[in-house]
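What follows is a short report on a single structure.
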């Protein structure tokens, strides 16, 4: 029976691996339907603009002109608007920060619906399709998300030719990578936003593969129905939505802005394969797989049609089941999408689990289930320990760069840890009933919560083997194996998808979390549970032989891993370097309106985005780190006294500093002005802060406990005061973190934002300006020295550290 089960498992694994990267052929430009070949021209034009940072000529001029040129080729009939958006909001992401933005670009196109015959008085209801053309740091943005923008231009052509029954609004937005401000500008200030009933957001986390539906709703189960009925090759699972909703997977897209600030339900798609080039210079046209674009476009085209059919009479009314209920959804090998409401899932899953537990839930079965859970945890623990061990050896991150090593490095520890606990079972026959009871218990626990119930289906299907326990004979032997096919399919899909995401992700997850621990933990969790639920086939295996085989495989794999280098040209190490000009100011506002300026050391600040840190350059690069580099102490000042890209101090440890002369600065250097005046009580002061600098400025003000209130003064001047409570305290400092981004054509920037804070005592403030399009001779010299397996990014920055004594 075990041999038969192994053959069936191998067949399921083959199906999963084949379907994981299955892509259709690219349709030629002569095809009347969606053609990825037709997207090539606009994608080439966008990528030829280079890195498109907010406020740069590439983003504000070149990319906009390329899109306008493409849109003007299409048939007339659509309304076109170029929005310049300004605003602000608080985002509880990476510790929480307030984002202000000015003059960000949204290129909006509205395709009218088909005329209704006879005309109906139903309210206007438009469908929003959105993606962004701006770039992340150090990227040309071919896949993220110029490819998705190119898909939108092809969809626009198709919908102009054959309009949908509702208006379709396309938002080509120019400001997503700096934490989604352009989408916020559209949804909060453009008049068309009031007509939007649903949204489809197109994203990428890799340069190829199948598009993945990873967020849906919230609520509005009709969206799942629309996707299930439309997608020719569905790919998605609501368990991913749970991971995003609970914050286990950190990451945000414009979908969240439309959802949280516009109350617009919708769907969030992304490609994941080849995530090694994501947000690097390798994300270029050469790494785009147009077969992936073909599949992506066909899926969104069909989904938009299905959504429009449901939207033509407006959204489901508030209070209705379709509007208020979430959905459970998952695909079966990319061939079929299963979906049903979360409320039905709660009832169905609870009922099914209670039936299973009532039939098999004897005291001995619960004891066996406890042993299997312990064995699964042992598998997780062993993989975690191996990951922690590898992280501090020359094998570090080899699994991230070579995913094929993951099952060889972590499979033996998982199996050894699991089988090592099975001796606690009094009888091997108890394994079958214990596995069914364990799956039913876990499913029941997840089904009592409205969010986690969306992931409980994975444990419900593991109750199917209970059918094989109801009889004996040859037929039931076949049934016993057959009932495992669906659970194995879903479990393996989850495992392959997790590794497809996590292995590249650990190349950019920072220096504070061991990458091998993350990969090993994920593998151990999924594999441990799979082994526990399949224990009836594992229990008969002879323990000594299993342990011996696991030891042999692991001991043979470690030397191979020791010799492998995790980085290569297409799987590069991410290094960024800033040539920083620093200065320090002391303000005694009771005595003088001018500060006392003190010199600070200038230099090159080098950071790595993965666990191995910058030490890899010293160990393996021919020329090592910049001359004179030493470990930098990031506990200085409020936020390290170095210009962090976003509030990421806890992710960028192990950095290096090399003293240098001050870098050349652009024509608009950083300038900070302060004014204080009495406010209310005698000890309180109103501090007005004005900052002028680059298109990207960040500021931290500490301590947050000394601040009583604040207001973004730039918007008060427009007659719309936006004051409110102070944001929550960050975990990495007792400070307020403020980020400002500005778009518009270069040369027209005001480079100014201001705010007021009511405070008392002494405050510390660090302000830095990023000049992404400015370099220095030192940076150019270091860029020439790095090896081909490094994705290098360098720019000039300014940092000012201010100590402010408020007058009494």
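The backbone N, Cα and C atoms fix where each Cβ goes, glycine too.
Now, the feature entries from TrEMBL:
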- 1-18: signal peptide (SIGNAL)
- 124-303: domain 'Peptidase M28' (DOMAIN)
- 340-360: transmembrane segment (TRANSMEM)
- 372-393: transmembrane segment (TRANSMEM)
- 405-425: transmembrane segment (TRANSMEM)
- 432-451: transmembrane segment (TRANSMEM)
- 457-476: transmembrane segment (TRANSMEM)
- 488-507: transmembrane segment (TRANSMEM)
- 513-534: transmembrane segment (TRANSMEM)
- 546-565: transmembrane segment (TRANSMEM)
- 571-800: domain 'Endoplasmic reticulum metallopeptidase 1-like C-terminal' (DOMAIN)
Any chance the transmembrane segment (546-565) and the transmembrane segment (405-425) are in contact, meaning at least three CB pairs closer than 8 A with a sequence separation of 6+? yes
Most Cβ pairs under 8 Å to the transmembrane segment (488-507), of 340-360, 405-425, 513-534, goes to 513-534
Highest-contact recorded stretch vs the transmembrane segment (513-534), from 340-360, 372-393, 405-425, 432-451, CB pairs under 8 Å: 372-393
Please tell me whether the transmembrane segment (340-360) and the transmembrane segment (405-425) touch - that is, whether there are at least 3 C-beta pairs under 8 Å between them, with each pair 6 or more apart in sequence. no
What else in the chain is close to the transmembrane segment (405-425), if you only count residues 6 or more beyond its ends and a Cβ gap under 8 Å? 368, 371, 374-376, 378-383, 385-387, 390, 395, 398-399, 431, 434, 499, 503, 519-520, 523-524, 527-528, 531-532, 535, 538-539, 541, 543, 546-547, 549-551, 553-554, 557-558, 560-561, 564
In the predicted model, what is the mean pLDDT computed over the domain 'Peptidase M28' (124-303)? 93
